[in-house]
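*Asks:* Residues annotated as transmembrane segment in TrEMBL: 31-54, 66-88, 100-128, 148-172, 206-226, 247-270, 282-301. The feature domain 'G-protein coupled receptors family 1 profile' is assigned by TrEMBL to 47-299.
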Amino acid sequence: MSLRPEANWTGRLPREFVILGFSGWPRGLRALLFALGLPLYAATLAGNLLIVALAAADRALRTPMYFFLGSLSAVEVAYTLVLTPRTLAGFLLPPGGHAVPAAACAAQMGLFVALGGAECLLLAAMALDRYLAICRPLRYPQLVTPALCWRLLAACCAGGAALALALTVAIFQLPFCRGHLVNHVFCDLPALLELACGDKALQERALLAACLLLLVLPLALILLSYARVLATILGAGAAAEGRRKALGTVASHLTVAVLHYGCATAMYARPLEGRSLEQDKLVSLVYIYLTPLLYPAIYTLRNRDMQGALRRALAAPRTAGLSRRG
């Protein structure tokens with residue numbers, strides 16, 4: 001692996017980037033991080049795949065709310081597959097990092113932005129669904145149809161993909177004249193911009209615009225929707241059981257939204273100048289390993305419909321066995 005000094009770089013796109021990750025950390029600490037990260041990764045995949053399977057298979061969950069929840073978990077599975085395996089492998093590699101072709105680096109960054117953006121927009125779609133279900137119950141069946149749900153899902157995915165393509169093209173057209181050592185655990189936007197030279201104002205404005213579209217506006221819609229939902233729930237005339245169930249759903253959705261937007265804001269809604277990539281690497285462990293694991297835990301442990309669907313799924317093999325013996 002050739003690590004050429006900055007003076008020898010022409011500013012063209014390098015053939016490969018070297019992801020440093022935590023390669024400078026002691027071997028024992030990296031082995032411990034791998035041992036902790038692997039079961040978290042497995043639990044995240046299992047939890048989100050369980051939600052997708054239950055939402056698709058259980059008839060009681062074939063509603064718009066669980067359609068969006070299953071879609072969110074499917075996006076989360078893809079998001080985890082893009083980031084976590086390479087991060088886990090990086091814990092076991094010798095010092096010096098590992099090389100990634102430039103095309104693979106661009107693809108990883110683009111997929112990360114596209115999936116993260118789709119998740120931001122899906123959380124806003126879920127908030128809109130709950131607002132219509134609770135605040136407009138009489139018109140809800142006519143407004144939120146299966147066709148509308150699919151169109152909203154397609155719009156969320158298309159919006160994330162469009163922003164990802166725009167950001168990836170904007171960043172990879174820059175001259176990379178500061179080497180090819182990416183001081184991060186994957187090909188993230190701020191770490192790549194650190195390697196670029198020249199006028200990066202356009203790219204920084206594009207990143208801020210993406211933060212506005214994916215973080216500020218959806219979060220404002222979520223907070224506004226749930227403020228109206230809470231006002232309706234707490235108003236006079238709401239039944240105690242319906243109020244309890246609605247409050248539980250709102251609490252789950254708001255918890256996930258705060259976790260997701262909080263981590264994303266801490267990472268990207270900050271000026272590039274003066275930020276610490278070492279701190280960014282530590283924060284990345286939170287949204288790569290911990291936050292995705294909390295989503296299925298929140299939605300399955302706090303949601304009685306999901307718990308009932310899981311019990312029915314576990315009881316089905318026993319029922320089938322008893323019927324065959326009978």
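Yeah, the Cβs are placed from backbone N, Cα and C, and that goes for glycine too.
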*Asks:* Same-chain Cβ contacts of the transmembrane segment (66-88) under 8 Å, 6 or more residues past its ends?
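*Replies:* For the transmembrane segment (66-88), the sequence-distant neighbours (Cβ-Cβ under 8 Å, at least 6 residues beyond its ends) are 19, 21, 34, 37-38, 41, 44-45, 48-49, 51-52, 54-56, 108, 111-112, 115-116, 118-119, 122-123, 125-126, 129, 146, 149, 152-153, 157, 185-186, 288-289, 292, 295-296, 299, 305.
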*Asks:* So which of 31-54, 100-128, 148-172, 206-226, 282-301 is most in touch with the transmembrane segment (247-270), counting Cβ pairs under 8 Å?
*Replies:* 206-226
*Asks:* I need to check the long-range neighbours of the transmembrane segment (206-226): which residues 6 or more away from its ends have a CB within less than 8 Å of a CB in the stretch?
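*Replies:* For the transmembrane segment (206-226), the far contacts come to 113, 116-117, 120-121, 123-124, 127-128, 130-131, 159-160, 163, 166-167, 170, 189, 193, 250, 253-254, 257, 261, 264-265, 268-269, 272.
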*Asks:* Where, among 100-128, 148-172, 282-301, do we find the most CB pairs under 8 A to the transmembrane segment (31-54)?
*Replies:* 282-301
*Asks:* In terms of Cβ proximity under 8 Å, which residues at least six beyond the ends of the transmembrane segment (100-128) contact it?
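*Replies:* Long-range Cβ neighbours of the transmembrane segment (100-128): 13-19, 65, 68-69, 71-72, 75-76, 78-79, 82-83, 86, 152-153, 155-157, 159-161, 163-165, 167-168, 171-172, 182, 186-189, 192, 210, 214-215, 217-218, 221-222, 225-226, 253, 256-257, 260-261, 264.
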*Asks:* Who are the long-range neighbours of the transmembrane segment (148-172) in its own chain, taking Cβ under 8 Å and residues 6 or more past its ends?
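*Replies:* Apart from its flanks, the transmembrane segment (148-172) reaches 13, 64, 67-68, 71, 75, 102, 106, 109-122, 125, 189, 192-193, 196, 202-203, 206-207, 210, 213-214.
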*Asks:* Compute the average pLDDT of the predicted model within the domain 'G-protein coupled receptors family 1 profile' (47-299).
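*Replies:* Value for the domain 'G-protein coupled receptors family 1 profile' (47-299), mean pLDDT as a whole number: 85.
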